[in-house]
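The block underneath contains the structure these notes are about, expressed in structure tokens.
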Amino acid sequence: KVCMLIFLTLLNSQHRGLLQVTADEGILHASGSGVPPVTRDYCIIYNSNWISLPQSLDNATFRALENLTSTVLCSSSEVPSGLMKDKAVVVMRGNCTFLEKARIAQSSGAKMLLIASKTRLSPLSDNKTDFEDVTLPIALIRYSDIVDMQLTLGNEINVTLYSPPLPEFDCSMVVIFLIAVFTVALGGYWSGVAELENLKAVASPGERETRRKKEENVTFTPVTVILFVVICCVMLVLLYFFYKWLVYVIISVFCLASAMSLYNCLAALVGEIPFGQCRIACCNKSIEVRLIFLAAFCIAAAVVWAVFRNEDRWAWILQDILGVAFCLNFIKTLKMPNFKSCVILLGLLLLYDVFFVFITPFITKNGASIMVEVAAGPFGNSEKLPVVIRVPRLEYSASTLCDMPFSLLGFGDIIVPGLLVAYCRRFDVQTRSSSVYYISCTIAYAIGMVLTFIVLALMKMGQPALLYLVPCTLITSSLVAWRRKEMKKFWKGNSYQV
């Protein structure tokens, strides 16, 4: 369990919800000739260094579409004269450059050039100075969209291009916020329930041995916290250099750990159900049949995710369910013995975050953050680390047409502050303080998440969420302890726990 936490904190605070969209994604708005006219929107890729597109349809100019996908337009002799004049022309990609196609189309009187591609759309990259004499808009479009356009709208089609600005706020952030706060609050509460059971077991000698056998908690001391952060740094650097091999190791470990975590979470709920407790004997042990089926279900869920993890349309739901279970299990299982250990852990991970997000761009050859590179998959690797909660963007934009962008939150942004919330809850149980520490720290976590989203929207760049979560939770917990005159006890921890 400790080893898996090392893996997950490699991306513990790379919240990049607004950075999935590039400025070179736009919309082709097509209108048929029917009454009323049928309209459809399609994804286009363009180069904003060559042209600037209007931000809305109000300022866009429509052109009649001329379908010339039977040619690649690498020679002016391929198209009869006068056929392209004052029209939007679509041709196949072919082997010649975009510049050659653009000059031929422009010399023939075309007002817009669409280049259809049967392969995946890629950014248009050519020397900007070469296009100084090209004035018509150039965009890349999927060939399948051209076929769909003809089938849906007919042969007489008018089209225009525009690129609406990215919405400042997306509702997916609200979903991410609710998931994060719910997981932290529930994980902390679960840890408090386990602490109460431990206290009862200590008071009852008959239950002590039984409870000790069930106990699976791992306690972090200050020394293990420092060692843990050092290993995190080493693992992140190793991932940067050996990503294409280590990513599969981490995927395998995630499948195993998430299946076990989902089982532990559901088993705690199943244990509260008074019926269906029939047992079978196996290897001198008695096992509940319902727990066998539960284990099979959890393993199947992890296997299904592993097989279909790249199916963006629905695999994110399964990843989020496994991820929430994973975070809940670790918040409950990993115990901080005192506030001192919490301060060391959160403080060091905050420095770790800031260093690998903001400082490493000055060290790497390409000027990119090591954290961002690993998060995105270095060198364009299609496999992504499964250490994030992801929710697809819900607001309509060019990006939702071109791809399926996600708002992301690293597991570490939930687990690391969650360990402090869990400690606050256990301290409440030990001191019978009516959940004041737990509630205050949970509210502080929610405020820190809101601050993260606000800064993310204002700066339009990835933010290390711990930069806002750590101060909010640590300062709030300290103020509550100081106000209640319990700072010494809160700092050193309860004697039972030590």
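Backbone N, Cα and C atoms are what each Cβ position is placed from, and that goes for glycine too.
Nobody curates TrEMBL annotations by hand; they come from automatic prediction.
Feature annotation from TrEMBL assigns domain 'PA' to 74-145. Annotation source TrEMBL lists signal peptide at 1-19. If you look up TrEMBL, you'll see 172-190, 218-242, 248-270, 291-308, 314-331, 343-363, 404-424, 436-459, 465-482 marked as transmembrane segment.
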- For the transmembrane segment (172-190) and the transmembrane segment (465-482), check the count of CB pairs under 8 Å (sequence separation 6 or more) and say whether it reaches 3 or more. no
- Note on the structure: Answer key: the stretch among 218-242, 291-308, 343-363, 436-459, 465-482 with most Cβ pairs under 8 A to the transmembrane segment (248-270) is 291-308
- Message: Do any residues, 6 or more residues outside the transmembrane segment (343-363), come within under 8 Å Cβ-to-Cβ of it, and if so which ones?
- Response: 9, 12-14, 220, 222, 225-226, 228-229, 232-233, 236, 336, 369-372, 412, 416-417, 419-420, 462, 464, 466-467, 470, 473-474
- Message: Can you tell me which parts of the same chain pack against the transmembrane segment (314-331), counting only residues 6+ beyond its ends and a CB-CB cutoff under 8 A?
- Response: 1, 4-5, 8, 179, 182-184, 186-188, 190-191, 254, 257-262, 264-266, 301-302, 304-305, 308, 386, 388-392, 406, 411, 414-415, 418-419, 421-422
- Message: Using Cβ atoms and a strict cutoff of less than 8 Å, what residues sit near the transmembrane segment (436-459) while being 6 or more residues removed from its termini?
- Response: 15, 17-18, 168-169, 173, 177, 180-181, 184-185, 188-189, 192, 417-418, 420-421, 424-425, 427-428, 465, 467-473, 475-477, 480-481, 484, 490
- the domain 'PA' (74-145) - residue tally per DSSP class, helix then strand then coil: 20 helix, 16 strand, 36 coil
- Note on the structure: Tertiary contacts of the transmembrane segment (465-482), defined by C-beta under 8 angstroms and 6+ residue spacing from its ends, are 12-13, 15, 339, 342-343, 346-347, 349-350, 353-354, 409-410, 412-413, 416-417, 420-421, 424, 436-437, 440-441, 443-445, 447-449, 451-452, 455, 490-491
